[in-house]
């Protein structure tokens, strides 16, 4: 449960949701957000967690249910690989800022210039003549925290064309991040399951502390009102962009279609109540986003008070919020290093437990593919994966590293997941059969009434596919070439991004064609065979297969039966 909460609750809850709420009418944004949770987030989350738990397999082998779609599992694994590369770089940024926070004053802090009227933009800087001392605190339109982020932390070059040398302090922080991930996952789900007791709960403690502290600061009320108070703009609900962003945020913040939910749920006991888990995790995830918004905006409200500017002029999103705006705000508080240490510890733990599941996807897929060779070598597999991904991540800690991070995020963690999610729900509800899938779920959680399944049937057969299709088409229609701030990407960079997307997606048609080719019979028989479950599809352990799957038998009964007997002896409730 904590692993799935840690996987779903990530950095996006802290830095993306508050920005979207601010952008789309404050509290009014919660209306489409909640509706999209019900029609897109929960149905997919429940489907994936049930799917993985039923067959106890990772995101590739689960598609024995619909072999023609096994390429979807490969796409999920490849996306997890690319995302793991840059996600650990973000954790490395947080580790660097954590170490930098053990200084007083904080290295990005500046004297209090609140008595001076000034206006900072990315293009120009105006300082009144009454207090020219503030001139030294800002340069070239940058606040000290911006200057520190660009010139000290990143040592950022002018564009992606100029790679620059490896930034060694970031490379060492990246190495430390991978050591933490590898150490936590060395013994597989057993060791990571213990680590998440800390990494999944600590962010809530820090958010609560920051909220209490922020609420006592001058200007906090203005920040919270701006976030979700009297300035809520219900007219925004007529804008299609609001609904698209709400659905996208739900889809990505729950981490559906990444493969991680299947990998984690594959370790559940067969009779675990995956329905209850899905409700708890989804509600916790969305509640965390709303709660984090209060903590963020209370301190940004204080920052606006100090600067004597509207809250809208001190707000940033993404990297700028986490590594420019928030550190700047924390530097204005008493005992600023303490609050900065807590904030970056929170970012590290938020990132790590999401990263654990991403690496779990890769390791689980490898072990499922080569069970005889790799099943007993979990530590070696995890170590090898971490070393390879660390080396692949080194370009992301050069002077042009932030451009690479932004590029991979744009082309990998975007509409590819919409394609995978859409194929997943269509494959299970149409090719495999939604009613058949419901019977599989009832083998685990018990028989439910037709009324219970009415909503889930409506979502899986119609509502969710339609919503995902609309979001996908709208995302592609409104796609614009990525930029980092005002820096545009070169043509070769954009082309490389599309190549990464194509590399992830191309396995879906390749595997589909291969499965049809390997089948026997005429063209229609081949397609029908490729769309039908394999002979060994079903619950992994023989004692769980029952009458519906008992005749086909498991793949490796010699190994499965003793394991099943031992588990049934230890825990009668699972049999």
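Using the three backbone atoms N, Cα and C, a Cβ is placed for every residue, glycine included.
Those TrEMBL annotations? Automatic predictions, nothing curated.
As recorded in TrEMBL, the features of this protein are as follows:
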| type | residues | note |
| --- | --- | --- |
| BINDING | 6, 8, 9, 13, 253, 285, 350, 353, 354 | Na(+) binding site |
| TRANSMEM | 27-47 | transmembrane segment |
| TRANSMEM | 68-99 | transmembrane segment |
| TRANSMEM | 166-186 | transmembrane segment |
| TRANSMEM | 195-212 | transmembrane segment |
| TRANSMEM | 246-267 | transmembrane segment |
| TRANSMEM | 279-300 | transmembrane segment |
| TRANSMEM | 338-359 | transmembrane segment |
| TRANSMEM | 380-405 | transmembrane segment |
| TRANSMEM | 411-433 | transmembrane segment |
| TRANSMEM | 454-477 | transmembrane segment |
| TRANSMEM | 492-517 | transmembrane segment |
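Within 10 Å of the Cβ of residue 354 (Na(+) binding site) there are 25 other Cβ atoms, across all protein chains.
Ranked by number of Cβ pairs under 8 Å to the transmembrane segment (411-433), the listed stretches 27-47, 195-212, 380-405 are led by 27-47.
Within the same chain, the transmembrane segment (246-267) stays apart from the transmembrane segment (166-186): fewer than three Cβ pairs sit under 8 Å, each pair at least 6 residues apart.
Around the Cβ of residue 9 (Na(+) binding site), 27 further Cβ atoms fall within 10 Å across all displayed protein chains. Each residue in 5, 7, 10, 12, 255, 288 lies on the same chain as 6, 8, 9, 13, 253, 285, 350, 353, 354 and has a C-beta within 8 Å of the C-beta centroid of that Na(+) site, without being one of the site residues.
Counted within 10 Å of its Cβ, the other Cβ atoms near residue 6 (Na(+) binding site) come to 28, all protein chains included. Simply put, out of 166-186, 195-212, 279-300, 454-477, 166-186 has the most Cβ pairs sitting under 8 Å from the transmembrane segment (380-405). 195-212 is the stretch from 166-186, 195-212, 338-359, 454-477 with the greatest number of Cβ pairs below 8 Å to the transmembrane segment (279-300).
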